[in-house]
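Working notes, structure below.
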């Protein structure tokens, strides 16, 4: 049967859409328009899925019908002449914003699924990636290739069609953020793309100019944001009414089954030509070339439209038609034809009355526009209406092209001609009381440009210079070694301390020095020890050294954190240490559980405090006996003790410390702080052991030396002998862990400790602009602490000053962050552009992964989370609760630890089954796990013992655990040790194309093109707890660390009013802000809003496109 299908629409859950977009109205308007198959729209939204379940029922193979009780409610509103069956196909649009090949890409794709079960499964997978609840068209930091892969994995009959492929911002080939070829976007999965949606601003002849598109079926859809916009573009079929038949026709492009498309006149599309809407500049491509792409009104680059972009990529002249081209039919919506005749707006009552009358007497809108004989139209509607439709069918129209988000205008009559004709009797009688439609402000332009210009200006493709930042740094260009770095690399005759400012290439210098030792000094790789402070830093060092010296050589070196190094030594020397080889490293949760078991009389608050002091004692190398003998805990402000700790608590603390250590030993456990403490005891008490490791590690390199605590400092002093070469690098101005017992003094006294030392300095910053560096230097030079005056500098020149923004409230602060990110990525939706939230000519050079939002306290994050949830912008959270501390993850890990060592009874606390059940399962598991990988074991635990239903897809967190386990193959012990040594800072995933929200402490060692530093207020930064003493200089260094994370743009923010810890605060701006000279700042103040809040039902965006 022949039918019309419109696949790409939206629901009321999408932003900037009509509230009337429900299934009842779609059912009604599909019949009024003459559409038999309508896309459901927004299949990714959980709320819309519930409505689908409630209101739709399957009809045949893969299509759905509206249930009778809902259909009957609107059937009476549909003229008999229009009534026909309507089916729904499950579809939805997804916005992908991500970085690929070093460019920000923004494209939209329409996904199709054959069942509600497949929709539910797809939603589960998508929600692991981003927020699908705030917008019916979700914004995901997901590569379109990976989205297609997910679609294909969801169901064998799931499909993806790239949407409006030429739209400048959000499309496959768009001038602002698209690709030059389909293969560049979808890579190896390109064969799974069989159709392309041309969009409102292009028609098939424009697409025929690219021979690369010949193998694809060109489809057209309305992208309706209100029911009335259905079928402004649509598809024509001649198949059975089923999901498989529809897609077989699309895949084959067979002209007998796919009959072509219904099109807008492309000039009516709002991105057809180039220009600037606000400046009223509309240009064809030739005129753009003549003006070198620069708007004469504002001096900025114009928005390059669809026609121009096609001219750039075309390899055929106009007028050539591929052999397999399908027909197309360009139409004008009937209300617009009536509007032109009446001289009133298309939504006026007069037009609506005429529209309803015609549909009642003649039938659906598409049948009037395409099929009904002109004689019948003239009989019912008059000669002028018939003449207008005749001209439209012949393509004889007058076009004023759309540009830069403004729809074009298609007319059928010149003004004088219309006035003359409407004076006659007809459907459009002249009426002196009618006001003409308001005139357009732009110039009338020629609708087509056939010739090409030889002008030197050309619009570059996104793969070239369109997204380059002319004045900013290039983060992907690894700097060659400068003179200072080269001197450090070749300095191997002495111990070496390198004072290196932020962004000066610390890791580069260390890895090049190690490579120099291997290649030029013939140092055996087994003699090299490199110590980092985070697991991420260790991984990065391994990657860099692998590139420099190869996998085999790198594998022979020891590259670990302090704690991982000591865990290795303790396992090698477990007998001498008096502990089991298969000891457990306690997590923080395990420590709390253990203390609860051995000291049940303690309250929860006291347990936390005692654990903090136990950690401090171990970092000061104090045993329970040493404490009881009177050695003082925390003789200075950097002890790591709680602020309200009193030495009078020592007697009770000693007893609790002893009981805790006994419990650890009974459970065959060590805690995080024991790793270094026990290793030092081994070196000091076991003859010959220290010299063994001194001979093994003859070349030691240490990163972030300024963050050493006493135990780490003592360990290095033991390892450093006369035959050991020690190289350390760091920056005392970035010492921010005093509250954990770290002492920057160890860096400053290094030459005193090791007299053979040479001191070198790295001063050239390759990260930040000079503005950012100068401001940060003004902050840190005010420090009262003893400093090494590095005078860090940068030759990255930029005109961007530092933004300082004052918000009226903490919520306004969060909203500003979201708005600015949306602006800097060039808009996340068409609404951003059409509502002028984002200017169309603003350069789009950033993706979501380029942004970090930093704050002093985790408690500041809640309003930010809420703002990002509302916006739909994808984000990741770093520096809060550890991923491995989640209950469902702890339960799986408990099984793994018990499999590793059945004596570790502590882990039974995390399992919600009886001891008999647990060990019965472990026996079965052990028998079958001889050759099983860690991933296999986790999957088996999930199937048999975790708290999820049979056949249910694992949660997002369990999937992440599985992903983390995959590289370990069958190395269970290594996997468990990695988990045990995991730190909150390791949560950051640079591959995730999401905005990063993190504490200032967690940001250490990272960098981002754009940084928002929120909460720059007194009592927050510097942080003061209830008026208690605080380390002002460490707070200053923390602020300095936050500032120097930024490469290109830094925004410092503070709010006049903030709600925190259950209290409303009125904080003054941070004193640190006063240290930055005004010439470096752009100051912005947002006034408090005084208008009344709108009612909830009025908050839906009202822009219908």
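From the backbone N, Cα and C atoms, a Cβ is placed for every residue, glycine too.
Per TrEMBL, these features apply:
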REGION    429-481  region 'Disordered'
DOMAIN    479-769  domain 'UvrD-like helicase ATP-binding'
BINDING   500, 501, 502, 503, 504, 505, 506, 507  ATP binding site
DOMAIN    770-1005  domain 'UvrD-like helicase C-terminal'
Env. residues of ATP site, Cβ within 8 Å of mean position of 500, 501, 502, 503, 504, 505, 506, 507 Cβ: 509, 731, 762, 765, 766, 767
Fewest Cβ neighbours within 10 Å, where candidates are the binding-site residues 504, 507: 507
I want to verify one value. Collapsing DSSP to three states, which class is residue 500 (ATP binding site)? strand
Ten-angstrom check, please: count other Cβ atoms within 10 Å of the Cβ of residue 503 (ATP binding site), all chains counted. 23
On the 0 to 100 scale, where does the mean pLDDT of the domain 'UvrD-like helicase ATP-binding' (479-769) fall? 90
